Each structure stands twice: as C-alpha cells, then as structure tokens.
Amino acid sequence: MSRLFLPPINRAMRTLDPSFFQKTIPLTAAHVLDGRNIPRVTKECARDLLRVPRLRSVITQKDDAGMERKLLLLRPEVKHDDLSTAQPKTREFVEERIIKLEPYTLHMKYESWNYEEIMNAILPEDLEEIPCAFTQAGHLAHLNLREQYLPYKHLIATVLLDKNPNVSTVVNKIEDVGTGSVYRTFPMELLAGQDNTNVEVRESGCVFRFDFAKPGEAVADVMAGVGPFAIPAAKQRVFVYANDLNPESYKSLVGNIHVNKVSQFLTPHNLDGANFIRESIRTLLSRSRNPSTSKVSIPTPGKRGQKRPPPPTVIPVPPTFSHFVMNLPASATTFLGAFRGAYRGLEDVVTGQEMLPIIHVYTFHKSSVTENAAGDICADISRHLGREMGEGDLENLENVRLVSPNKTYYCVSFRLPANVAFEDAQVA
C-alpha cells in the first residue's frame, strides 16, 4: 500500500488516542453521468481506479439537490484538471461526456485501518515485527507477548480489541508468576476489555463453556470416529478421552493423534460406548491421583539471551470430566443409561452439582413439526436416564441442520443430574 494511505505515525503514543488517526487525501473522482454506464466505465477504466484495501472505489454521494450520484475514485496520480495524467480510455469517456472528472477529498480515520497498520504507526521501528498471533477461545484472545513488547502491552491489546469485533477480552500469559509453585497453570493478566475468562465455544452444534484461566479441563468423546472434535480440543490443551467401537476408526484415530502430536492430551479407546462411559470416569480419577500420570509438562519458550530455560508449564489432570460428547445421532440417546449410577462411590470426589459433567448428545428428531422437538427430545432422554427431564433442565438445544424433509439433526446439552449419577445400582 502507498504510504499516502497509511495512518499518521506517533511512536511516542503509550495510551491509544483514536482521534490522532485522521488523514485527508485529495483525489480525483469520475462522476458517471448516467448510472447505467457504471459497469462499462468500471471495467474499461480499471487501470485508473483507486485500489486500496478496505476502500471502495465506487461510492454514492448526494448532490446539492439531495439526488444520489455515483462516483468512481481514481488513483492519486490522476488529476481532474490534467487529462494527460489519465489512461486513454478515461480521457475518451471524458470527451464523450460519459464521465466528468472532479476533485474529491477522501477522509480516513482510525476505523479505516486494520490492526497491523495502526501498530506499525505507533510501535518502535527497531522491534522485529508486529505481534499478531493470538489464541482465540470464544470471546477471549490470549496473547503470549515477548519481553520487548511488554512496555506496549496495553496499547497492543486495546487495538487488538478494537479491530476484532468477536473479541471482548484480551489477556496475556504472565511468564514469571507462579514459578515457585508446583503447578504453573497459565497465570493471566487482563490487558483490555471485560474481566471475563468464562468463554463459550460452539463446535458442531454443541456449546462448550469453560474458564480459560483454568487450563486442563477433561472431555470424554464417546463416539469419536477418527477425531474431528477430539484432535482440535486436544490442541487447546484439553484432556480428551476419545473412544470409537469401530476398529478401523480407532486405528485412524491413533494415527491422527500421532500426526497432530497431541498424545499428551488425547487418550484413545476402542470400547463399547456404555462401557467407555463407566470406565473412563474411574480411569481419569485414577490418572489424576497417580504421581507419574497426574500432570503434563509443556516446555516454556525461553527469552532471547536467556542462559537457562524457564520452568515448564505444568497442567494437572483433573479428577472428573467437564463434558461428555455423544455424536451418533441415530442411537446416542440409548447410551445415556450408562450414566445411571456411574458416579456411585465417588461422592467424596464429586462434592457439588457443578462437578458433574455437561452431556452433549446428538440426536435426530423425526418430525416436520419443529415446535415439538424440545418436548420429544426431552421425553427420549428421560426414558433412558430414568428421570424426568424437562426443557428447563437443558443447558442448550441447537438445531444443527435439516437432514431430510422429516428429519432434523439436533445437539442437546444438559448437566448430568446427581440422582442419576449416584443411583444405587448401575443399569445395563
């Protein structure tokens, strides 16, 4: 992009002042006298049109009488009072009175430029690059700023927040906090936006809510297939137990774990779904209590010139699952009975309703009347759980898509009721 269209520079800025970023640029516009000629003029005068990212070359403007007219913004080299600066076709259209060249003033402001352009105008030139990389989970953007960028962290975060409409919270990992503790679990510093690390992520019609400041949640994927949900979740440092009964799917899942290098966070299983539900609950608890398997260590990138590597980030394995995912819409609800009594004997571990998992079940609703879906799905869930479940018990009911005229694909989410989890006898 030409320097002419870049924002003004202020390398002394430490607190963002959007009003500083304003620019007035004199240009030439071609007034298309008959709007029907716009496609033709746009095509044949393409070499003279203004080409700047995020700026439209065709604009609508009202004249003194309030009538709308179409203008084509031209490149800066074209002068309205010097036809020799325009391409031959543009000159020809002027002579034929198809267009009329006139002066135009382009006003640019803070909203006109993106994150990289603003940061290039305010960060010191001797910094190697603009810090652009961040991890996004729901509304939260997570930065991991290197030392040289820390004096500008609030400035960086504020601009990042402004330029990403889906972000409302920006945090930075604090490298030096917690180095003396057993678990270095992502201490966070709020840099900009709302002080809210409870994020909501949508995946294949399901809604997952978790606290980003508390890493290492555990998820059980009961019908995982080759890992389309499990692999991305493990990459976010979520402990995933992934299961599939099909030996070929299991084989592919194991291969995908290796290729994607997520073996520390993803454990594959090849079991019947009901058996997996019951066994995984006990297996995870045992893992969390075993000193040799109760945590995962992740190397922490060292700072430039640092002689000794920093302590690793240590993520403890939780004792219980936060979520169970059951994506087999034709029969997933029939496996819900496996949760009946599955937590029996674990009352000392699961000390509150909030420690019981959110269950996400995919299912079909075979009716063209979608208004009946919630009631019908709740009745199906109730039948298999052995407990009445109403619409008020659901965390979420998502219409994923219409599969056929009389069949709709849903994802329903609810927290496992305590009287089901601790039922006296497990039901086959």
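One is the number of the first residue shown, and numbering goes on along the chain from there.
Positions of Cβ are set from backbone N, Cα and C atoms, glycine also.
If you check Swiss-Prot, you get these features:
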- Asp244, Leu245, Asp272, Gly273, Asn327: S-adenosyl-L-methionine binding site (BINDING)
- 287-311: region 'Disordered' (REGION)
- 287-297: compositional bias 'Polar residues' (COMPBIAS)
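Excluding the listed site residues Asp244, Leu245, Asp272, Gly273, Asn327, the same chain places Val222, Met223, Ala224, Asn243, Asn246, Leu271, Phe276, Leu328, Phe335 with Cβ atoms within 8 Å of the centre of the S-adenosyl-L-methionine site Cβ atoms. Counting every protein chain shown, the Cβ of Gly273 (S-adenosyl-L-methionine binding site) has 18 other Cβ atoms within 10 Å. Every protein chain shown contributes to the tally, and the Cβ of Asp272 (S-adenosyl-L-methionine binding site) ends up with 14 other Cβ atoms within 10 Å. In the compositional bias 'Polar residues' (287-297), helix, strand and coil residues by DSSP number 3 helix, 3 strand, 5 coil. Cβ neighbour count for Asn327 (S-adenosyl-L-methionine binding site): 20 (other Cβ atoms within 10 Å of its Cβ, all protein chains included). Counted over all residue pairs in Asp244, Leu245, Asp272, Gly273, Asn327, the record's binders of S-adenosyl-L-methionine, the longest Cα to Cα distance measures 14 angstrom.
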